[in-house]
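Read through the structure below, which is laid out as structure tokens, and then see the notes.
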Amino acid sequence: MKMRRGNSSNDHELGILRGANSDTNSDTESIASDRGAFSGPLGRPKRASKKNARFADDLPKRSNSVAGGRGDDDEYVEITLDIRDDSVAVHSVQQAAGGGGHLEDPELALLTKKTLESSLNNTTSLSFFRSTSSRIKNASRELRRVFSRRPSPAVRRFDRTSSAAIHALKGLKFIATKTAAWPAVDQRFDKLSADSNGLLLSAKFWECLGMNKESKDFADQLFRALARRNNVSGDAITKEQLRIFWEQISDESFDAKLQVFFDMVDKDEDGRVTEEEVAEIISLSASANKLSNIQKQAKEYAALIMEELDPDNAGFIMIENLEMLLLQAPNQSVRMGDSRILSQMLSQKLRPAKESNPLVRWSEKIKYFILDNWQRLWIMMLWLGICGGLFTYKFIQYKNKAAYGVMGYCVCVAKGGAETLKFNMALILLPVCRNTITWLRNKTKLGTVVPFDDSLNFHKVIASGIVVGVLLHAGAHLTCDFPRLIAADEDTYEPMEKYFGDQPTSYWWFVKGVEGWTGIVMVVLMAIAFTLATPWFRRNKLNLPNFLKKLTGFNAFWYTHHLFIIVYALLIVHGIKLYLTKIWYQKTTWMYLAVPILLYASERLLRAFRSSIKPVKMIKVAVYPGNVLSLHMTKPQGFKYKSGQFMLVNCRAVSPFEWHPFSITSAPGDDYLSVHIRTLGDWTRKLRTVFSEVCKPPTAGKSGLLRADGGDGNLPFPKVLIDGPYGAPAQDYKKYDVVLLVGLGIGATPMISILKDIINNMKGPDRDSDIENNNSNNNSKGFKTRKAYFYWVTREQGSFEWFKGIMDEISELDEEGIIELHNYCTSVYEEGDARVALIAMLQSLQHAKNGVDVVSGTRVKSHFAKPNWRQVYKKIAVQHPGKRIGVFYCGMPGMIKELKNLALDFSRKTTTKFDFHKENF
């Protein structure tokens, strides 16, 4: 057995334990005084000092002495341990004789790991040295006992890259070879050097490497560092020199990457790194990753690094110090071994199996499609069946009337289309009756068979049915019925005289009639409303001239949709003044529309009445980075809601008529209401402006760019009306023991309310009695959630200020680890890119020392780039086999397809079932 120790008994150590596969082997140990992890005394127990991968290279050469004189034919097991004051963790179990690699039998590896950790952690002694020695001896005996039961696997050569240090290399990868291979760089060189006599200018180095423009400064520093190392002078290089540069920065070995990184920091080439040089590279890395807060505090963070690596205040650090710091592997990686075997099995199972029989493939696809969409399917089949039945009924009815003799099948098609049109014009109002849907969702069990989450989508589907009905009805009349009536001879037209009077002689006769002009006006108004409601116009996705852009957007959608008030009035008139129907009870248009119109009108009146009798008073207003406005207001008496629901907000100072939906970010147990509103359109921009006028820069210790507290006095806050709450998909999270909450940008708002609700339920009896009594039916009753995974993906570092207090509160109160928080900042390059290496190092230092993340400013440690969603699902499936997981997503539609497909894939191929729910906004 060989173990390396630091200079202090408080230091954490990483040892190599070798036990021969024989119980006759004697236990020996030696202590080597290798170079310490830090420059200076290591009297401070700050962090584990991980073993350098280089120290393992000579282990096979010493196997005889370690084994107590055994021959070369013995097989050894190499175990990497992380020994701390009160615990021992196992990094890996490997074959060590003549080569390495993990044990071929994963079950044996896991058994060995559990045996060692149990044995080592149960061994105590008076001194650290004796404790360590006795632990390792005890572990050696346990190891031989385990291995004596099974045959030894084949011996393999030790591979340096399989050691624990390889985990640290993620912070030093410079360019991902899978996306930036040499052929692509070669082609870009030819293009960029065409006008400079075959030389690549340093100013174009970033472009040649395939970096984006934001990394231009970083690439320039990289160019300078490589030029100094290779004795290249000037600001231009040849293709041969570029190839040398490329080989150095794409070298996957640790030493090569570390040397390049050090060269970038050590600009004066004296082999030492000063605090000023560290600050400059921090500022450069922060700029490349759009981390403005870190860039502003570069000097403070440089001082933190120097404090860590230069405890003797020498004023500089050496490459050895930097190397040992970068070798710090996350503690989490040590503890992940328990699920590794199951994870590997799951990976094998998730590999797509190719079915040779096309019939079997199609049958599988159809089966899964039905299972995944049965709620939508039966609703769609019912709707299509009703439309088809109504069309057929009217078609047959008019085929047996006198009008058929003059106009033929045209009148049958027109009347069939009209019947479906009346039905759909009535039905389209129901999906937007929010109060009714919320009541059905909360008070009935219909949610198990009716997909209330798709109400807006069904509203759009019905709109397409209306378009089809208009085309059939108006098209058949204009292109077929009217021309036939005009062109018919006297004998043929005679049966129509009692309906139309004297035979029409032109189109104008039909247009000037009530039926004609009401129909034309309705078609024009519906065409305007439908067009501006499409995503291209409603979300301003089209590149239109500025004067046309003012006629699009949400405001245009909102106001033009109110044209349907005129449309419905004209539709009733149109249905009364029918040419071919004279008996009142056969004029059924008003019968179709009566109940839906009354229901929808009642909801609009209820909104106006409820918002006026339940006024709210502003408590606090804050303006955050990223153009986000936070409104905290009093909660009206009797306003009961569930986390995940939303409410409508109206501000008369902006527009007296517009109501906009926003997710509630406060929890049901809170004595206030809060919403977070991001500036995305005209209305939200004006709202932010009117509230910013009453705000001031925050005092010390408070977040936000601008802030105003209601307790400061009678501030002239603009009057705000609210209406709600209304049901939303996220409110169903309580149905699941385990939930995966995903928020993209401002889409985190409903998830924040859910997290706060979970926190309030964790407090239990400690909650204030008034809050508990006011919301007793919303909290503990029926609360099933026992584990929550929250993934918040945001583009800007400043976004983390929106919910900073909540994140810290969760970190402080969640002692049982019920909530697992993951913040992702996509402006930061992915882990493994050089532009993020120093940020990752700094993040680990700051979090270890102060418990605060340098990116988010909270106690929650942030991740870089975008999440690997497949790995997220895989992790949850491994940790919760046989469970049903609720997946709730809120954000832009770009991620919906990936998250939904992964939920379906894992549900089909594992015992863990994922139910995907998305928020519509």
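Quick reminder: no glycine exception, Cβ is built from N, Cα and C everywhere.
Feature annotation from Swiss-Prot assigns compositional bias 'Polar residues' to 21-31.
For the domain 'FAD-binding FR-type' (611-732), the mean pLDDT of the prediction comes to 83. Taken from Swiss-Prot, the feature domain 'FAD-binding FR-type' applies to 611-732, supported by sequence analysis.
Annotated region 'EF-hand-like 2' per Swiss-Prot: 230-241, in sequence order. Beyond the region 'EF-hand-like 2' (230-241), the same-chain residues lying 6 or more positions past its ends with a Cβ under 8 Å from any Cβ of the stretch are 186, 189, 193, 196, 198-203.
The topological domain 'Cytoplasmic' annotation in Swiss-Prot covers 1-376 (among others).
The topological domain 'Extracellular' annotation in Swiss-Prot covers 398-461 (among others).
Residue counts for the topological domain 'Cytoplasmic' (483-516) under DSSP (helix as H, G, I; strand as E, B; rest coil) come to 25 helix, 0 strand, 9 coil. According to Swiss-Prot, the topological domain 'Cytoplasmic' annotation covers 483-516 (among others), on the basis of sequence analysis.
Under the heading topological domain 'Extracellular', Swiss-Prot lists 538-559 (among others). Taking DSSP states H, G and I as helix and E and B as strand, the topological domain 'Extracellular' (538-559) has 11 helix, 0 strand, 11 coil.
Each residue of the topological domain 'Cytoplasmic' (581-588) gets a DSSP state, and the totals for helix, strand and coil are 3 helix, 0 strand, 5 coil. The topological domain 'Cytoplasmic' feature in Swiss-Prot is assigned to 581-588 (among others).
Here Swiss-Prot flags 607-734 (among others) as topological domain 'Extracellular'.
The topological domain 'Cytoplasmic' annotation in Swiss-Prot covers 756-921 (among others) and rests on sequence analysis.
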Intrachain residues whose Cβ lies under 8 Å of the topological domain 'Extracellular' (538-559), provided they are six or more past its termini: 532, 658, 681-683
Long-range Cβ neighbours of the topological domain 'Cytoplasmic' (483-516) (under 8 Å; 6 or more residues past either end): 402-403, 405-408, 410, 573-574, 577-580, 582
